Amino acid sequence: MARKKIREYDSKRLVKEHFKRLSGQELPIRSVQINQETDLNELVEREPWLSSEKLVVKPDMLFGKRGKSGLVALNLDFADVATFVKERLGKEVEMSGCKGPITTFIVEPFVPHNEEFYLNIVSDRLGCSISFSECGGIDIEENWDKVKTITIPTGASLTFEICAPLVATLPLEIKGELEDFIQVIFTLFEDLDFTFLEMNPFTLVDGKPYPLDMRGELDDTAAFKNFKKWGDIEFPMPFGRVMSSTESFIHGLDEKTSASLKFTVLNPKGRIWTMVAGGGASVIYADTVGDLGYASELGNYAEYSGAPKEDEVLQYARVVIDCATANPDGKSRALVIGGGIANFTDVAATFNGIIRALKEKEAKLKAARMHIFVRRGGPNYQKGLAKMRSLGDEIGVPIEVYGPEATMTGICKEAIQYITAAA
């Protein structure tokens, strides 16, 4: 399971669309998104309610506590909304220690209300927990003792008997309505492969539940079976995180291939860099460097898998090596080319792309005092490792090569020993 945050706009879009599909009832949610590309005149023509109703506007940037931070404006007309957005669009703010520009806003009808409820559903490996409170809103944390929680084991259904403790203290006139609402939202949560869904608050309009503020996360590994249900979904970068040009390039490669190519710069000045085959293995290598006390020296996270073509590996390896060798400072560096034991991927074939990139970057590798550590197993691995061994002599760069007889992460310790001994 990979939990990916989505914007509030998309959370509400999914809930609105699929609440009706699953229950036959309409949730009167209306919202629009505004960013740098939005033509406000066209937006009003497409959504005429924007010019006839009082509105709410707030950033839609994956961070919370917007109300307490003065970033929510209420009871505005559209001209005021446009001014609010213009004054803040692209401006940098700091939230919970993270700084970044505000690029996206959500605009909705202003709904006067007296009641504020809280609903939260979270999934984990054992099932789901559902939390509910009659005291929702911005002070939910101060009223956490009033939150009731139930647990639904994996594979179990949410029956009215199980749900009963959540709504036990509600007035009779709204108890049934909210119980039905929680039932449908939980069904929707599972049907769409949400991993997290929070409404804080939701209220009642004409006796019917109406979500005012919403946060959602989806299991993006379920995208293959939900592409029609999710529609044009966006998984934004976390607030404060902006892709570098190199990361954007690899992301573009990844989008165009059936293989997997991932690359994230963690510390541009780090002295340990990785290029690891396999999603699970890549995490293990990164964790091992951290567990050995050298997380601060880890330059990147990198993973390739799914039998990428040689040219794709070549382009990928060029980027990793360019970042790993940038701005040589006389200190030694290590490049870990690791992986587990492949089942189907031809190790020699994927190594061909890496070897070509290493040859191209010979001068950069030497200038950065790079030492390369290789560990791999799988189909045709002997041929691939032999090529790596001969490459070291050919380009004059030290390369330590190991097969499946060595522990998978042993080269992490060797890399650390190298950079510390040479310090």
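Backbone N, Cα and C atoms are what each Cβ position is placed from, and that goes for glycine too.
Annotation note: Arg376 (citrate binding site) sits in a coil segment as assigned by DSSP. The citrate binding site annotation in Swiss-Prot covers Asn343, Thr345, Arg376.
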Residues Asn343, Thr345, Arg376 binding citrate per the record - widest CA separation, whole Å: 12
Number of other Cβ atoms within 10 Å of the Cβ of Asn343 (citrate binding site) across all protein chains: 8
Cβ-based neighbourhood (8 Å from the centroid) of the citrate site, residues Asn343, Thr345, Arg376 excluded: Ala277, Gly278, Gly339, Gly340, Ile341, Ala342, Phe344, Asp346, Val347, Thr350, Gly377, Gly378, Pro379, Tyr381
Listed binding-site residues (Thr345, Arg376), ranked by Cβ neighbours within 10 Å, top entry: Arg376
